C-alpha cells in the first residue's frame, strides 16, 4: 500500500498529516508513505525529522489582495501541478490524503483528476478555502467539528472523525501530572498558554490575575508565556512588583509537559486553534478561550464558539480582553465547582479520543490496496 499525505503552511496542517501517516504505518507496517509539501515551508524540516519520506514542490499562500504577487503565486501553483504530476507517476499511490493549506490544493486536485482515491481532513469549525474547493473532487471529507458540516456542499461525503491528539492526552492521572510538575494534586489548578509562540494579549492580562491570586495557596498556576514574549513578560511582572517565583506557580517559557499539565488542570485559558481544542476536549477541561484575531477567515472564533455553544467554554474576544475581565471569568469559574464540573463533562462529551483510528479506518477503506 502506497500513500501520499500532504498539508502545509502551518503546524495546524502539518501535525495532523504526520499523525495520519504514523497511524497508517501502525496498522499497516508494510505501507510506503510519502509526504508532499513545499520546499520553503515548516514541513520541509519537520517531516524528515519525524522519519517520513518528504518530497518538495513549489507553492505559496495567495495574497489577500490582487496584485503582481498574486500572478507570481498563481505561476507557482501551476508549477506545483506539473511537479505533482511527475511525483504521482513515479510513486503510483493507492491513496492521497490532504489536511489543508495551499500545498494540498494542487496535490489532491491532480491525484483526483488522475482517478486516484483522495481524502481530505478539515481541522477547523470553519473550513479553509482550499478544502471547500476540493470537496467536489475527493471521495470523502473527514471533519473535526460537527459545525463545519454545514459549510460543505456535498453532505454525503462528510465523516465526523475528530482530530488526532497525542496518546498521552487524557491517559495521565491527576496525581501523576501534578507530581511531574512539582505541584499538588489537591489544589485547584489554572493552566494558561498562548501556544509555542505565545500570545501577547494574554500575557499582558495575566499579571492582574496573578495579583488577585498572590495570597491564594489553594490555587496553582501553570503559565506558559511562549518563547518570543518570555523575557518581556518577566520584566512586566517585575515592574508591577509581582513575585512570580512561588511554590504554587510555574511561569514558563514553553510547556513541554502539556499532557501532564492538562491532567492536573481544572481550567484552561488560551487560544482556540484546532489542536489545542481537540486536546482540551479529550482531556475534559473547561476553557476560557481567546481566539487569535488574525487567524485566516477568523476560524479560531468559529472553533471557540462551537465549544461555547455546547457549554464547554467561555469566549473573550482579543479586542475585549483586559486583566480584570479575565480575572472575573477565572474567579467566577474556579469558585463554582459545580459549573466547572458541568463544563468539564461537556468538553469530554465533545472529545474524540479515538479520532486517529477513525481516520485510519477511512483511509484503509478508501485506498485501492
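Keep in mind that glycine also has a Cβ here, set from the backbone N, Cα and C atoms.
Some features that Swiss-Prot has for this protein:
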- 10, 11, 12, 124, 166, 196, 300: UDP-N-acetyl-alpha-D-glucosamine binding site (BINDING)
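Annotated features taken from Swiss-Prot, shown on the structure.
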residue: 10; record: UDP-N-acetyl-alpha-D-glucosamine binding site; DSSP (3 states): coil
residue: 124; record: UDP-N-acetyl-alpha-D-glucosamine binding site; DSSP (3 states): coil
residue: 166; record: UDP-N-acetyl-alpha-D-glucosamine binding site; DSSP (3 states): coil
residue: 300; record: UDP-N-acetyl-alpha-D-glucosamine binding site; DSSP (3 states): helix
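Other Cβ atoms within 10 Å of the Cβ of residue 10 (UDP-N-acetyl-alpha-D-glucosamine binding site), summed over all protein chains shown, number 18. Long-range Cβ neighbours of residue 300 (UDP-N-acetyl-alpha-D-glucosamine binding site) (same chain, at least 6 residues apart, Cβ-Cβ under 8 Å): 124, 271, 272, 273, 291, 292. Around the Cβ of residue 124 (UDP-N-acetyl-alpha-D-glucosamine binding site), the number of neighbouring Cβ atoms within 10 Å comes to 28. Counting other Cβ atoms within 10 Å of each Cβ, the lowest count among the binding-site residues 11, 12 belongs to 11.
Counting only residues at least six positions away in the same chain, the Cβ atoms of 258, 259, 279 sit under 8 Å from the Cβ of residue 166 (UDP-N-acetyl-alpha-D-glucosamine binding site).
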